[in-house]
Amino acid sequence: MFNNIMVPVDLAHLETLEPALSVVADLAKQYDAHITYVSVTANTPTSVARTPQEYEQKLEAFAQERHKVHGQPVSSKVYSSTDPMANIDTLLEKAIDEVGADLVMMATHLPRHLDIVMPSHGGKVATHTNASVFLIRLAQ
Amino acid sequence: MDKTPKNEPDEPVSEGIPAPDGPANLIDTDYVIGQDNITTNAMGLNLDLHGKVFSISAIIVLLFVVLTLALQDTIAPIYDAIFGFLTGNLAWFFILAANIFVILCIGLIFSPLGKIRIGGADAKPDFTYMGWFSMLFAAGMGIGLMFFGVNEPLTHFGSSFDGGSWAPLAGAEGNAAAAEALAMAATIFHWGLHPWAIYAVVALSLALFSFNKGLPLSMRSVFYPLLGERVWGWPGHVIDILAVFATLFGLATSLGLGATQAAAGLTYLFGAPESDITMILLIIGITMIAIGSIVAGVDKGVQLLSKINIILAAMLLFFVIAVGPTLMIATGFFENLWNYAVHLPALSNPFGREDANFSQGWTAFYWAWWISWSPYVGMFIARVSRGRTVREFLVSVMLVPSTVSVLWMTTFGGTAIDQYVSQGIEAVRDAGVDLQLFIMLEQLPLSQITSFVAIVLVIVFFVTSSDSGSLVIDSITAGGKVDAPTPQRVFWAIIEGAIAIALLLGGGLTALQTMAVSTGFPFTIILLVACYAIIKGLMSEPKAV
């Protein structure tokens, strides 16, 4: 069913992603799928990396670490942007095409009133792609 | 491509940190961006703020607003006295410093350092020339050109022709041609190379230290060559807080005063009621569009609005050129460039000036004004300039906008002077500064349409200031992060609008603006340090091939 799972990750908030990551691993094993970890980062220095290239390096290291955990083939891709907060949805949609993902699995928060004006990234990506999207609710 | 940074022996690059795109020379520091930040998730809102910079800025902002509202009559003279002292006694300092900025920028264009690329030797620009130029122009001076394009040339012409004490370079009493030449030269002087060099110095230093050296996009980073690791402590906090103060009050007071001017235009053109309600609705409207723009982001919000703005402004400009005194404007453009060049040495002379009213009241005022805006404009320009070489950057940030300013001033100012001198129309000269543009347009065909376009331009220029300003304040108060949660940007845009409305109703807009412009003095010192930092930073960069 699924050959290539794309997983958007933010290395700055890794701790909140843990539950989602294990679901990704389970599903990837079940379908024997390739996993691509994707990040959108600022092209200015951030708390994770001082250059987009350093971020790439760290994401690749993260992907390899995950590979050791679940054993599925992995790759990583970083998009750097002038305004990552505003462009993340568009860049993730672009990533789905470039990566050739047939399933996107991403962590998202619980529904809230603010979503009316600022929809969640997961919700927004799901409305703009042909790929399947699996949103994993994070416990509060 | 060899991605290994070429290190200076005394400035080792952190192990394991790859350079930006292609060779660059990162500064080795243990500081982690956002390490002093407070993050919280209150009421479903994520926040990520620099604890000290945000809280102290917020307290100071609140304090100044309350003080200005409560003790207006007492405090306004104090602000005026501070500013009067600065421009009166330190005019030479402002004028000298601005000259240094121009010389540095022009020198860099021609030096081999001009080949260095912002973001590393292989970095690619994020924006097209059109998008980039629109943003830096709209952020830099758009709004001022709307009001002062007609007013300033006319005012200088009047004082030069009458031989008043406010005339630039002692004026040209009774000689209309010489007075016009002097008026245009003086206006272009205030809107040409010097202001753009001021912006360029801040923008280049920030871009260099952020994209090539790996430091946070914040004013304090420029001080790294001077203060070293101490910039992450209190000296750095103070610099950033000052930048927030100047930007927030500069924007809020301009928004308030701009709303008054736009409302005057609306009243004059469409008979809109001249009341507080009109102005408050304008401020709310501008703030709402600005919020939409910052949520959409730099690419899809600010860039789009800036492009619309520049296209509208170009249409208005070419319309006036076409239906106004076309030949006079065409020849005037070159004459004014020549007048500017001829008078530049005398106008920019910092010492022994005999036209004290002009050099202190106009030039020093303008320089303080531009410099107080420079953290905001500079930081915004820096953010969108990755991938440009230093030479390309300086030509685009300094020479191109200066040329546009000359054309704009020649067109609007020249047409107004022509209407007054050749056609004997005195209405333009006698009108208030907020109406002069509309009265000048009224003498030309299709004035209903052009005036409407002008009003729209004024409003959209305010939006582009408000949105890019909120982005800048947000990034400074988030410790240099540009990826802080979106509601924070919205917060700053709302605060700007709220301060503008509070001061509009309670009084004190002009007073607080005076105080905001006074920050031009400490920032002049900061900019001089930036000059040193630029040279030091560029010298340690590997040259682009």
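From the backbone N, Cα and C atoms, a Cβ is placed for every residue, glycine too.
The region 'Disordered' annotation in TrEMBL covers B:1-23.
Annotation comment: TrEMBL describes B:53-71 (among others) as transmembrane segment.
The feature transmembrane segment is assigned by TrEMBL to B:91-110 (among others).
The transmembrane segment annotation in TrEMBL covers B:131-150 (among others).
Under the heading transmembrane segment, TrEMBL lists B:193-211 (among others).
The transmembrane segment feature in TrEMBL is assigned to B:232-257 (among others).
Per TrEMBL, transmembrane segment is recorded for B:277-298 (among others).
Same-chain residues lying 6 or more positions outside the transmembrane segment (B:310-334) and placing a CB less than 8 Å from one of its CB atoms are 130, 133-134, 137-138, 142, 145, 184, 406-408, 410-412, 414-415, 418, 422, 441, 444-446, 450, 453-454, 456-457, 460. Summarising the annotation, TrEMBL assigns transmembrane segment to B:310-334 (among others).
Away from its own ends, the transmembrane segment (B:364-382) comes close to residues 83, 86-87, 90-91, 94-95, 97-98, 135-136, 139-140, 190, 194-195, 198-207, 210, 217, 219, 243, 246-247, 250-251, 397, 468-469, 471-473, 475-476, 516-521, 523-524, 527 of its chain (Cβ-Cβ under 8 Å, at least six residues beyond either end). According to TrEMBL, the transmembrane segment annotation covers B:364-382 (among others).
The transmembrane segment annotation in TrEMBL covers B:394-417 (among others). If one looks beyond the transmembrane segment (B:394-417) by at least 6 residues along the same chain, the residues whose Cβ comes under 8 Å of a Cβ in the stretch are 105-106, 108-109, 114, 129, 132-133, 136-137, 140-141, 145, 149-150, 152-154, 157, 180, 183-184, 187-188, 191-193, 196-197, 199-200, 203-204, 317, 320-321, 324-325, 328-329, 332-333, 336-337, 340, 381, 385, 388, 428-429, 436-437, 440, 444.
According to TrEMBL, the feature transmembrane segment maps to B:437-463 (among others). Sequence-remote contacts of a segment are chain residues at least 6 beyond its ends whose Cβ falls under 8 Å from one of its Cβ atoms, and for the transmembrane segment (B:437-463) they are 138, 142-143, 146-147, 149-150, 254-255, 258-259, 261-262, 265-266, 268-269, 282, 285-286, 289-290, 293, 305, 308-309, 312-313, 315-316, 319-320, 323-324, 412, 415-416, 419, 423, 425, 427-428, 431.
For B:490-509 (among others), the entry in TrEMBL reads transmembrane segment. Sequence-distant contacts of the transmembrane segment (B:490-509) (same chain, at least 6 residues past either end, Cβ-Cβ under 8 Å): 61, 65, 68-69, 72, 75-76, 248-249, 251-253, 255-257, 259-260, 276, 279-280, 283-284, 286-287, 290-291, 294-295, 466-467, 469-470, 473-474, 477.
With a cut-off of 8 Å between Cβ atoms, the residues of this chain six or more beyond the transmembrane segment (B:515-535) that come close are 64, 79, 82-83, 86, 90, 93-94, 97, 100-101, 104, 108, 113, 198, 201-202, 204-205, 208-209, 219, 222-226, 239, 242, 245-246, 249-250, 253, 365, 367-372, 374-375. Summarising the annotation, TrEMBL assigns transmembrane segment to B:515-535 (among others).
Same-chain residues lying 6+ beyond the ends of the transmembrane segment (B:91-110) with a Cβ under 8 Å from its Cβ atoms: 193-194, 197-198, 200-201, 348-351, 353, 356, 359-360, 363-364, 367-368, 371, 390-391, 394-395, 398-399, 520, 524, 527-528, 531, 534-535, 538.
Here the transmembrane segment (B:131-150) does not lie next to the transmembrane segment (B:53-71) in space: the count of CB pairs under 8 Å, restricted to residues six or more apart, is fewer than 3.
Of the candidate ranges B:53-71, B:193-211, B:232-257, B:232-257 has the most C-beta pairs within less than 8 angstroms of the transmembrane segment (B:277-298).
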